[in-house]
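A.B. asks: Copying in the features that Swiss-Prot gives for the protein in this structure:
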type	residues	note
ACT_SITE	Asp263	active site
ACT_SITE	Asp366	active site
COMPBIAS	19-30	compositional bias 'Polar residues'
INTRAMEM	414-434	intramembrane segment
MOD_RES	Ser22	phosphoserine
MOD_RES	Ser25	phosphoserine
MOD_RES	Ser30	phosphoserine
REGION	1-70	region 'Disordered'
TOPO_DOM	1-87	topological domain 'Cytoplasmic'
TOPO_DOM	109-138	topological domain 'Lumenal'
TOPO_DOM	160-166	topological domain 'Cytoplasmic'
TOPO_DOM	188-200	topological domain 'Lumenal'
TOPO_DOM	245-249	topological domain 'Lumenal'
TOPO_DOM	271-361	topological domain 'Cytoplasmic'
TOPO_DOM	383-388	topological domain 'Lumenal'
TOPO_DOM	410-413	topological domain 'Cytoplasmic'
TOPO_DOM	435-448	topological domain 'Cytoplasmic'
TRANSMEM	88-108	transmembrane segment
TRANSMEM	139-159	transmembrane segment
TRANSMEM	167-187	transmembrane segment
TRANSMEM	201-221	transmembrane segment
TRANSMEM	224-244	transmembrane segment
TRANSMEM	250-270	transmembrane segment
TRANSMEM	362-382	transmembrane segment
TRANSMEM	389-409	transmembrane segment
Amino acid sequence: MLTFMASDSEEEVCDERTSLMSAESPTPRSCQEGRQGPEDGENTAQWRSQENEEDGEEDPDRYVCSGVPGRPPGLEEELTLKYGAKHVIMLFVPVTLCMIVVVATIKSVRFYTEKNGQLIYTPFTEDTPSVGQRLLNSVLNTLIMISVIVVMTIFLVVLYKYRCYKFIHGWLIMSSLMLLFLFTYIYLGEVLKTYNVAMDYPTLLLTVWNFGAVGMVCIHWKGPLVLQQAYLIMISALMALVFIKYLPEWSAWVILGAISVYDLVAVLCPKGPLRMLVETAQERNEPIFPALIYSSAMVWTVGMAKLDPSSQGALQLPYDPEMEEDSYDSFGEPSYPEVFEPPLTGYPGEELEEEEERGVKLGLGDFIFYSVLVGKAAATGSGDWNTTLACFVAILIGLCLTLLLLAVFKKALPALPISITFGLIFYFSTDNLVRPFMDTLASHQLYI
């Protein structure tokens, strides 16, 4: 699921523009001059309107703090073009890193390509000589897997709808504990074994403990944004590696196709579970749990920047380390550092509102299934690099098209259908057409 974070308030555009600037960027001219007093503000406004009438031009700063609701023509498009491309790139980087971690592990660590077990959600084996029976078993495994995903998603939405925040947090914390401690222990042990690196158990356990403890703090409490993003990428890669190892080959491809269809239905249907989850969060003005969503931008507020009270006109609270960064409390409510504005003369009762920085949110499930597709392409069959790179490029193309549609429709969209469809088409076409062609050229020593 792919969503776009944007400010809903149009009463004070000054906050939206300054929240996207650096901490040391100067305040716009209209903001500084318009707060001097009622007489100065009126004189400034009259002088500016006369100047604009004489020049025949429109001052864009007049819309910043003039109290006029709405934006000047073209400002919304300018902000979308300026900051939209940046966040697209910021989303490409983590997706690429997650897939690189998975492919590098598949190519180097044999543990994740050895088939010595299956998930309990895929009980039907594919070790049968009959193609029809193998296809039937893969379809049955897919039906069971998708049913489990649907039931758990609906269960999560019901819990969220009835505000069972503590239960959801406990559920997510237990999942994170298993990923950050158990799966990390297995992963690190296999990597050390592959590269023949000796390490005693106390050191290994201490390393896993430090890694997991820091991850739990960053994901479920507060920490640097970059560190939180790195942990979300890592747990997505670990989960993808588990699916690659324990999902049967044919079942994995059928599940990828089915999950993209389910994602389409769950997000776009009026009563789809993911759509209901997003709409409920928007109605309550609450963030979706950070353990489920990767965000290219956190909820940065004006209180986090190094403001100059003399130039900004703001009264900040004394420094408190616990309020340095925005975080989420134990009930999922946003917790912001407070910045108080003194009442502006000439604007009774008007206060600057904290705005959310524009950004793109991508569900961790999308990271996982992107990596499963690329990892399966690297692990199954010939494991040809051409096939792996083709799937990688297909996923990025699909993600780019999804982001383009997101900019057009400006609502939550499923991120799996286009990318997974392109990935499956590129995989089977490359594996069955391009790879034999390249092998034939290589056998005849012909190079293009």
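Glycine is no exception: its Cβ is also placed from the backbone N, Cα and C atoms.
Walk me through where these features lie, including what they touch and how far apart they are.
C.D. replies: Long-range Cβ contacts of Asp263 (active site) within its own chain (separation 6+, distance under 8 Å): Met1, Leu274, Pro414, Ala415, Leu416, Pro417. A helical conformation is recorded for Asp263 (active site) in the three-state DSSP classification.
The Cβ of Asp366 (active site) has Met1, Leu2, Ala415, Leu416, Ser419 as same-chain neighbours under 8 Å, each 6 or more residues away in sequence.
For the topological domain 'Lumenal' (109-138), the model's pLDDT averages out at 89.
Beyond the ends of the topological domain 'Lumenal' (188-200), by six or more residues, the same chain brings 105, 108-112, 207-208 to within a C-beta distance below 8 angstroms of the stretch.
Beyond the topological domain 'Lumenal' (245-249), the same-chain residues lying 6 or more positions past its ends with a Cβ under 8 Å from any Cβ of the stretch are 111-115, 117-119, 122, 125-126, 137-138, 141, 255, 372, 376, 380.
Residues of the same chain lying 6 or more positions beyond the ends of the topological domain 'Lumenal' (383-388) and with a Cβ under 8 Å from any Cβ of it are 103, 107, 374, 377, 427, 430-431, 434-435, 438.
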A.B. asks: Under 8 angstroms, Cβ to Cβ: which one of 88-108, 167-187, 362-382, 389-409 has the largest number of such pairs with the transmembrane segment (139-159)?
C.D. replies: 167-187
A.B. asks: I need to check the long-range neighbours of the topological domain 'Lumenal' (109-138): which residues 6 or more away from its ends have a CB within less than 8 Å of a CB in the stretch?
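C.D. replies: Counting only partners 6 or more residues beyond its ends, the topological domain 'Lumenal' (109-138) has Cβ contacts under 8 Å with 144-145, 148, 190-191, 193-194, 241, 244-251, 253-254, 375, 379.
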A.B. asks: Based on Cβ pairs under 8 Å, which of the stretches 250-270, 362-382, 389-409 lies most in contact with the transmembrane segment (88-108)?
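C.D. replies: Most contacts with the transmembrane segment (88-108): 362-382.
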A.B. asks: Please indicate, using numbers and ranges, the residues of the same chain that are 6 or more beyond the transmembrane segment (362-382) and have a C-beta under 8 Å from a C-beta there.
C.D. replies: 1-2, 91, 94-95, 98-99, 101-103, 106-107, 112-113, 232-233, 235-237, 239-241, 243-244, 247, 249, 252-253, 256, 259-260, 291-294, 296, 388, 390-392, 395, 415-416, 419-420, 423-424, 427, 431, 435
A.B. asks: Specify the secondary structure state of Asp366 (active site) as given by DSSP, simplified to three classes.
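C.D. replies: Assignment for Asp366 (active site) reads helix.
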